[in-house]
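Asker: Here you go, one structure.
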Amino acid sequence: MTTILKHLPAGQRIGIAFSGGLDTSAALLWMRQKGAVPYAYTANLGQPDEDDYDAIPRRAMEYGAENARLIDCRKQLVAEGIAAIQCGAFHNTTGGLTYFNTTPLGRAVTGTMLVAAMKEDGVNIWGDGSTYKGNDIERFYRYGLLTNAELQIYKPWLDTDFIDELGGRHEMSEFMIACGFDYKMSVEKAYSTDSNMLGATHEAKDLEFLNSSVKIVNPIMGVKFWDESVKIPAEEVTVRFEQGHPVALNGKTFSDDVEMMLEANRIGGRHGLGMSDQIENRIIEAKSRGIYEAPGMALLHIAYERLLTGIHNEDTIEQYHSHGRQLGKLLYQGRWFDSQALMLRDGLQRWVASQITGEVTLELRRGNDYSILNTVSDNLTYKPERLTMEKGESVFSPDDRIGQLTMRNLDITDTREKLFGYAKAGLLTASSATGLPQVENLENKGK
């Protein structure tokens, strides 16, 4: 069976991930007119720039959908977001600022939950608005086929017939008007935005040029912290975790994780926390650039890692970072539910997150400027009395340290021998000043 359909399968049911925007509206109407039977599925991901979800399925029906469903994905999205925090599943960082993989998390949830809903309706052909140059086309492909092995893919933007007729936004708008729908194109921004409850991605158009900065972006989850005219008073916030799960903000407990994430977004968003500018490597190995917002994820991540460093030992923390980066890359590639990802997730959640219980107090200022004011946990292995510089009882004596340092003589001797061995091989040059071989000035190599 052919998995990807290059042309519209007339007479068959086609599920379309319907956002209500111009692209999917025109595609749905066009498919109906060409003889297909479109079913519209809209994911409620708590997008901060969407204020009326119920209106989206109604519009789909007006444009010719056989049926239209709104699928509430918020609970599952937040659950996956918390799992990513527990595992440190983030691999794109620049200058200490993190991209929290909010779009890949949204695709993992959308790609599985919408296809599951389609399967319930007997719809086994799926279309969405992803383009052939991006990451989403592969993410949706993987998650769709994982959920429904009989699934076939039809994307209008891969169909030359659709492209020839409605290849641009102007053509789509004219098509909608000609069909009796007063659909005007929205005012074109200098960039494109995609969002869900966990974060927002701003990319493309002017942001493809590296001389366009964050200053052209109008945040939808935070504030323009770079604008000195925007008043942002400092604010103290306390975050509490129990066994790796965020349960309270400023002393207020939450039985609903969705409400907790919304409050975390509000707190972090007041300061512009979690906004970053990243150059990343797409799945196809081409580089792209994005401006990201994730105020709630950033707030929880900072508090979580503060507790992590105070509770776990050095090697466990090293494995958390190493495995977290591996897992983050798998998540980015659309492999969040693959066996290798599940293996990493299980280890990190079972042996690392389960011990993260405690409370962290921070002072948030502008953007990513913050201070940690206090860290409290019954699980802390940080014990100031063990290494105090003041006179008092200690868990080891000066003689103990002398013995420990003496044991280092063996590897120091080995290292000296290696350095002189490298010098004999011509890899290092001797230094009259220190008596130790040194790396030769590369500019003089071979002269």
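Here the Cβ of each residue, glycine as well, is placed from N, Cα and C on the backbone.
The feature ATP binding site is assigned by Swiss-Prot to A17, F18, S19, G20, G21, L22, D23, T24, S25, A43, G129, T131, D136, D194. Residues or ranges marked as L-citrulline binding site in Swiss-Prot (evidence: sequence analysis): Y99, N135, R139, S192, T201, E203, E280. Look at Swiss-Prot and you will find T131, N135, D136 tagged as L-aspartate binding site, backed by sequence analysis.
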Asker: Within a 10 Å radius around the Cβ, which one of these binding-site residues has the most neighbouring Cβ atoms: S19, S25, T131, N135, T201?
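Answerer: Answer returned by the neighbour count: S25.
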Asker: Please identify which of D23, D136 has the densest Cβ environment, defined as other Cβ atoms within 10 Å, among these binding-site residues.
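Answerer: Buried the deepest by this measure is D136.
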Asker: What three-state class does DSSP give S19 (ATP binding site)?
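Answerer: DSSP assigns S19 (ATP binding site) to coil.
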Asker: Can you name the residues of this chain that are 6 or more positions from S192 (L-citrulline binding site) yet have a C-beta less than 8 Å from its C-beta?
Answerer: H202, E203, A204, K205
Asker: Out of Y99, R139, E280, which of these binding-site residues is nearest D23 (ATP binding site) by C-alpha distance?
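Answerer: Considering only the listed binding-site residues, the nearest one is R139.
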Asker: In angstrom units, rounded to an integer, how far apart are the Cα atoms of A17 (ATP binding site) and Y99 (L-citrulline binding site)?
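Answerer: On Cα coordinates alone, these residues lie 25 Å apart.
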Asker: For E280 (L-citrulline binding site) and G129 (ATP binding site), what Cα-Cα distance in Å is obtained after rounding to a whole number?
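Answerer: Pair distance, Cα basis, whole Å: 22 Å.
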Asker: For the C-alpha pair, I'd like the distance in angstrom between G21 (ATP binding site) and Y99 (L-citrulline binding site), rounded off.
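Answerer: Cα of G21 (ATP binding site) to Cα of Y99 (L-citrulline binding site) measures 26 Å after rounding.
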Asker: Return the residues near R139 (L-citrulline binding site) by Cβ distance under 8 Å, restricted to its own chain and a separation of at least 6 in sequence.
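Answerer: For R139 (L-citrulline binding site), the qualifying residues are P104, R107, A108, G111, S130, Q333, G334.
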Asker: Using all protein chains shown, find which of the binding-site residues G21, G129 scores highest when you count other CB atoms within 10 A of its CB.
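Answerer: Top count of Cβ atoms within 10 Å goes to G129.
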Asker: Determine the most Cβ-crowded residue among the binding-site residues A17, Y99, E280, using a 10 Å radius around each Cβ and all protein chains in the structure.
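Answerer: Selected residue: Y99.
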Asker: What does the structure give for the C-alpha distance between T201 (L-citrulline binding site) and S25 (ATP binding site)? Integer Å is fine.
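Answerer: With distance taken Cα to Cα, S25 (ATP binding site) is 22 Å from T201 (L-citrulline binding site).
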Asker: Within 10 angstroms of the C-beta of E203 (L-citrulline binding site), what count of other C-beta atoms is obtained when all protein chains are considered?
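Answerer: A 10 Å sphere around the Cβ of E203 (L-citrulline binding site) contains 19 other Cβ atoms.
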